[in-house]
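Novice: Attaching a single structure in structure tokens format; questions to follow.
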Amino acid sequence: IASGHMYCARVWIPDVEEVWKSAELTKDYKSGDVSLQLMLEDGKNIEHKLDPKTKNLPYLRNPDILVGENDLTALSYLHEPAVLHNLKVRFIDSKLIYTYCGIVLVAINPYETLPIYGTDIINAYSGQNMGDMDPHIFAVAEEAYKQMARDERNQSIIVSGESGAGKTVSAKYAMRYFATVSGSASEANVEEKVLASNPIMEAIGNAKTTRNDNSSRFGKYIEIGFDNRYRIIGANMRTYLLEKSRVVFQADEERNYHIFYQLCASAHLPEFKALKLSNANDFLYTRQGRSPVIDGVDDTKELCTTRNAFSLLGINESYQMGLFQVLAAILHLGNVEIKDRDADSSVIPPNNRHLMAFCELVGVTYQDMSQWLCHRKLKTATETYIKPLPRLQATNARDALSKHIYAKLFNWIVEHVNKALVTNVKQHSFIGVLDIYGFLASFFRWICLSFFEQFCINYANEKLQQQFNMHVFKLEQEEYMKEQIPWTLIDFYDNQPCINLIEAKMGILDLLDEECRMPKGSDDSWAQKLYNTHLKTCSLFEKPRMSNRAFIIQHFADKVEYQCDGFLEKNKDTVNEEQINVMKASKFDLLVELFQDEEKATSPTGQVQGTGGRTRLSIKPDKSRDTSSKEHKKTVGCQFRNSLQKLMDTLNATTPHYVRCIKPNDFKLAFSFDPKRAVQQLRACGVLETIRISAAGFPSRWTYQEFFSRYRVLMKQKDVLADKKLTCKNVLEKLVQDQDKYQFGKTKIFFRAGQVAYLEKLRADKLRAACIRIQKTIRCWLARKKYLRKRSAAITIQRFTRGYQARCLAKFLRRTQAATIIQKYQRMYVERKRYKQKQAAALAMQTILRAYMARQKYQALLREHKAVIIQKHIRGWLARCWYKRCLEAIVYLQCCIRRMRAKRELKKLKIEARSVEHFKKLNKGMENKIMQLQRKIDEQSKENRLVNERLVGLESSYTVESERMRGELNRLRGVEEDAKNKANQVSSLLEELERLKKELSGTQQEKKTIEDWAQSYRDEMEKMVAELKDQNGLLKKEKDDLNRLIQEQSQQMTEKMTRAIAEETQQLETDLNEERSRYQNLLSEHLRLEEKYDDLKEEMALSSNVSKPGHRRTDSTHSSNESEYTYNSEYAELEDGTRGREDVTRGIDTSLTLKLQKRVTELEQDKQLLRNELENREEQLQRASYINVFSFQARGAELEYESLKRQELESENKKLKHDLEEMRKSLLGNAATGAGAPGSPAYKVLLEQLNASCEELEVRKEEVLILRSQLVSQKEAMHHKETMTEPSVYKDDVSKLKDDEVKQAYVGLKDTNRLLEHQLQTQRRTYDNEVESLRSELQNVKEENNRQQQLLAQNLQLPPEARIEASLQHEITRLTNENLDLMEQLEKQDRTIRKLKKQLKVYSKRIGEMGAGQTEGQTSPGQMVDEPIHPVNIPRREKDFQGMLEYKKEDEMKLVKNLILELKPRGVAVNLIPGLPAYILFMCLRHADYVNDDQKVRTLLTSTINSIKKILKKRGDDFETVSFWLANTCRFLHCLKQYSGDEQFMKHNTSRQNEHCLSNFDLAEYRQVISDLAIQIYQQLIKCMENILQPMIVSGMLEHETIQGVSGVKPTGLRKRTSSIADEGTYTLDSILRQLSAFHSTMCQHGTDPELIKQVVKQQFYIIGAVTLNNLLLRKDMCSWSKGMQIRYNVSQLEEWLRDKGLMTCGAKETLEPLIQAAQLLQVKKKTDEDAEAICSMCHALTTAQIVKVLNLYTPVNEFEERVSVAFIRTIQTRLRDRCESPQLLMDTKMIYPVTFPFNPSCLALETIQIPSSLNLAFLTRV
């Protein structure tokens, strides 16, 4: 070990708080050093002193890669700190509560409910090897169950641990697992009964202690019995060492047994009034602990649970109340106060109410009870006398009686619970579950007050520990011998000396029994005997220094001190005999029953009552009284020793499995780990002893393949040989020089402790060196690449710099030249500008002067011109006013005259409008006239517009010209006048000029003032405008913001609505799929029940055959046609079976059973109706046959009957015609009642329709008459034959007919007659229906007539304009509705006519054939005998093949047998067209429909369905068979739809295919039945595929190393896992792909619908993804980075397969999304918050539980990987907290997507199908 203590080595050092603390060496250790220089994990440097005596170095730490292993034996360094650290890492960091330690399962109580015990987890562990899955209680239970079935040996699961460690829960889950995997969960209900006993046993055997609120104060061993098929049949419970002292005494913060507090809490209930109970604090036995209430526990509700459990186990109410009476009596007895009378006697005060209550409850006398509570009877050889008891002894006697009664009650309850769990079925084997309460509690600390009970517990634990050590030692020895490893004796702790100290001769128990037999024996004298006997002779026995009444025993885990007080009394367990006699004399039956066996030595189970020992060890009730008397004298210690020895014998006769429960802390905190408490329990429970035994040998074990795969990096190429075993030997000899460190076995390599860590160090060093080499090369490549990039960049920079400088020089030269040119032009520009300014100033002065003069002249001319214009406009306005007044007066007169004329015309029009003829004239051609008038109006308005435009243009031009001439004239006149006046105004103008100059100067001053004011105003306005602009900008910005916000909100609302619609659509699709899934699950359940019923029927048939061999039914007694039993009859049989056998349907859901029974009843009624109808038809056929053969008078009666029916039809036709004529007359008679009366176009249309209907009836009548005439002629011919010969002679001739063809023709003629009669009746019914429809139409017409009259009356009350408008609107609406109704009727009539034409064509063809046969038969009267009547020519019918196949009734079974039962799918799929059986069956069905034989249709369909079910039941495991019949069933279903005649299925048919549609029967109900059958076949196909794929998935997807060298194998410990290296016979990914390809090719060959293939593939991929993900979540070794890469590669291969098959759109890829995201989760970074956010967004298909589970299980395979921190996992949980999802961890591998069968019509023509001879269907005839 010293070689490993080098610099940076990590070690474990002891610590007071944490037990062990990790540290790292800062200096190499050298031999002789007395201390080590260490650095703790917090960076503190310390000096660790070595023990000078032992010189032992600190324990070395395991490599981080080994930390967190599933099996503690996989650790390289096996010692206490490594075990403790591994458990802590798994429990705290990974939240894993189970860990293997060799053969032991260590279970740490999480104090939190975990989702790891569901049915999905049970299914995942079922059938798996113990090392192939993560540690779990289910893995131990599965191993026990598997070994029981495989080795035919009983098993035991020993669950031990401290109080509160979770033992009872572990035992409960183990029993639940057995009940589930053994198939008994829904039938035997044993597990429910055992669990139902838990509330009872917890109430009477559990109590609150300082460490546990529900601590079991007794031990129990439950045997679960199995039959020869390994199904649970019963159970038996044994109890050990009930803590009776708790009944009378409780320590602080503890309680008595729960049942007492439950009764006190329920004392207010009416049924408990008689018990006279009150609060628990009122009774001595329930208040001593001063803690009567448990937080979070309602004792009243707990009592209800207890009472329900009593009822479930068969203990009725009377017994329950009796039990409660006894318990209440115990409480009252504890309150009986005993007082001192004197020093040696005591007395009970008279009328003690508690004693009175006790006596009343138990039915004893108060006087006797008070007497013997304070006295006892002593017997000597000569006399008997009564001795009074002191108060202390009397109190002890009272408490002893209370304990004795409670023990009796406890045993009675246990016995009745066992009776409820026992069955009459013979037990083949059993699995025992041992749950020992608190056996180890005293070993965890030095206990100064251990008494007799604790001594017994520790004694039992010593025995169990010895058995455990021997079993571990035995397994180690067997492993070495199997691998042929040299066996060296391993030194392990043997606690046999301690056991001898207790149980051997002159041992502690022997001396205790001897002292009990002494008359004056005492605890002190017994202690002195112990000191004298063992103190000097046994090193395990010690005496305390300060006490003479105690002793110390060195147990295997620790020293325990026992106080001698009370040992003798408890060992004797004495009760006052007179008190027992008083109890036996009780009037209370239950109490008498409890004490009735008091005189017997033991109970029937072999246990002394009142000792607290087990209740059933052996069943030997027949013991003699002498033996019983002797046994009665046995002490408690002796009895406990015997019962313990029998328990050990039971355990040694079974294969044990160990579960050690660990209590992580004393405060019940979830996932809180206290190292001190944990290590105490590990030392005591044997886990560390297992580690020590393993470490003493070769704890690390590798297979050669695993070693080669892991340490291949340490080998050179030349070292690798073909023989891997030899390669491993050669390499290991080079790597490890000391050959004692390893051994080579047959299949494994065994290593000493620490060698795997050494090899891991070599591997890590090699990988580190390789990484450094790779880094060196990569860095060199990166540096050179960087240098070349810099060199290229420098050259580029130089080139660009030089170019830049050259460009700068050229630019300078260009700028110099340009500057010179600019100066030249600038100077020229300045001079030119100066010249231009001078020129412009001169011109401006001239312009201003000239302009002033011109403006003066212009102003004068303008004033004159405006005056003239004013005059002109005034005169024109006056003239226009006069003209307008005249025009208005004229127009008004014209309007008056025209209104008067219009009123006269309107009156005439109203009078004319009231007449119908006028209305017709108006309506006739009204639309055309309106259109013509509208066209004329448009043309005239267009012409008028052109003329008006031309007139307006001319008028405007004339006006302008006249104005111009008038203005010119006025101007000339004004000029002339101006010339005259200007001569006179020159002087006045001069004066005016002066005045104006003065005004001008004043005006200029005002202008300046105004301009200044305007400037200031302009500035203010500009400022104000700027402010307004700013405000406007802000308002615009706000407006834009509001608009943008509105747009965003509208967009969000739109997106929200879109999302809501999408979610609603998705929800509807989900609901549809769920409903479809529920329906299909119901079908599968029905199929399962049907198969179960068939199996039971076969078993009953076999049993009846065995019981009555002479009356066995042969095949000849069966009906030759199985189709007599219809599909519905199976439901009736199922109902009969369910009524007769309750055990068959015990596990079925009640609602499902009721629904099925209801459905069965309905189907039974339908079946009975069909049978009655069949019997009636058979009677009619027999009667008709009898009449046709033997009665000729009946033929005349038939003819008379036909004539009468024809006359009746004619009379009805005449009556109908009469009704129609009356309707016409009534309609025409009412023609003058109004505008809407008959006679209008609408009524004419209706009358035309009625006439057409009458004509159609006439045609129908003619057709019927033609058929009747043919029938009559046929019958007359028959009658003519009868008259030609005597009837007797005819009878003789008929009887002498021996020619089969003549008989067949005669029978065919009778069938034809019957068919024609049936057709005539059908025609008559059709005729009656049409007459009824015409009558209804007539009624409708009458109602319409009345409505029209009412409407017309209403319209007459309206004004004329509204009346006309309402009439037109109503008429348009009515005509529209009538047109729609007529169109619908026309379409319906067309369909009816097409159908009738088709039928008429068929019937005419048949009549023609029969007529031809008849003409041949009329040649001569005797030809019927001499020459046979030949049937229709067959070759002629072959030419017109209709795609039908004819078969005889007796050939139906042969058809089903050859086509279904004995058909080989492989030959059909390869050589013939896909779906050929379906086509043949449908063609046979078409012929049955063609001949209108409903019985034949029904039997054919029923036989087909039953035969398919039969072949699938027989060969349901053959994928090819199931696929073949799935394809054919779907094709048959599609044919039924395609040729059903429904328009929705006829869209893709050809005209020829439409002619082949079924004509007589609607098979929609049978389509549903066949669809259900297809669903059942699909589900069976999925199960078949799942059974084939299931063994491949885990090996191919997870374990097989598809990419070689990526992942490495880690050490696996004792529980060896399946190797990830592919051995011969293991499945790989290629195996899965090949199997998928085989499935796909098989379905394609069978012609399966493409859409159905997509659904199958989707289901296949779901199974692959779900199974892979579930195993990934349950296997810690699979959660690594390299395994994520392997999974992603495997998934990519599956996607490539989908791509090759063209199935990418089938949804299969989406089913793998959870697996893909889990693989990505294994590979992504898991450190920062950004990584957490990425993981949350990426893993949307995984649940929170799955994500956290993967992160917890993530395990580095190499040292370069890092573990996921607890803080990161908590961050993930916080981010995913708001997710609404199922808490389920595993995916449901049994889930099947609901299947649909989209309609897929066939383009194959039925008439082209040929039947191969290989099918042996020659009896089928093509029609």
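Positions of Cβ are set from backbone N, Cα and C atoms, glycine also.
As listed in TrEMBL for this protein:
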{"type": "BINDING", "residues": "GLY161, GLU162, SER163, GLY164, ALA165, GLY166, LYS167, THR168", "note": "ATP binding site"}
{"type": "COMPBIAS", "residues": "619-630", "note": "compositional bias 'Basic and acidic residues'"}
{"type": "COMPBIAS", "residues": "1119-1131", "note": "compositional bias 'Low complexity'"}
{"type": "DOMAIN", "residues": "6-58", "note": "domain 'Myosin N-terminal SH3-like'"}
{"type": "DOMAIN", "residues": "67-764", "note": "domain 'Myosin motor'"}
{"type": "DOMAIN", "residues": "1502-1778", "note": "domain 'Dilute'"}
{"type": "REGION", "residues": "601-634", "note": "region 'Disordered'"}
{"type": "REGION", "residues": "644-666", "note": "region 'Actin-binding'"}
{"type": "REGION", "residues": "1102-1143", "note": "region 'Disordered'"}
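Locate each feature and note its surroundings.
Specialist: There are 26 other CB atoms within 10 A of the CB of ALA165 (ATP binding site), with all protein chains counted.
Model confidence over the domain 'Myosin N-terminal SH3-like' (6-58) is summarised by a mean pLDDT of 85.
The residues of the region 'Actin-binding' (644-666), classed with DSSP into helix (H, G, I), strand (E, B) and coil, number 9 helix, 8 strand, 6 coil.
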Novice: Determine how many residues of the domain 'Myosin N-terminal SH3-like' (6-58) DSSP places in helix, in strand and in coil.
Specialist: 0 helix, 24 strand, 29 coil
Novice: Any residues 6+ beyond the ends of the region 'Actin-binding' (644-666) with a Cβ under 8 Å from its own?
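Specialist: That would be 87, 91, 101, 103-111, 137, 140, 143-144, 147, 151, 153-167, 170, 174, 211, 221, 238, 240, 432, 434, 459-460, 463-464, 467-468, 471, 614, 617-618, 672-674, 677-678, 681-682, 685-687.
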Novice: Could you tell me which of these binding-site residues, GLY161, GLY164, GLY166, has the greatest number of Cβ atoms within 10 Å of its own Cβ?
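Specialist: Going through GLY161, GLY164, GLY166 one by one, the largest Cβ count within 10 Å is at GLY161.
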Novice: Including all protein chains displayed, how many Cβ atoms other than that of GLU162 (ATP binding site) lie within 10 Å of its Cβ?
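Specialist: Total other Cβ atoms inside 10 Å, all chains included: 27.
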Novice: Over all shown protein chains, what is the count of other CB atoms within 10 A of the CB belonging to SER163 (ATP binding site)?
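Specialist: Within a 10 Å radius of the Cβ of SER163 (ATP binding site) lie 21 other Cβ atoms.
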Novice: List nothing but the one residue from LYS167, THR168 whose Cβ has the fewest other Cβ atoms within 10 Å; the candidates are the binding-site residues.
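Specialist: Lowest Cβ count within 10 Å among the binding-site residues (LYS167, THR168) is THR168.
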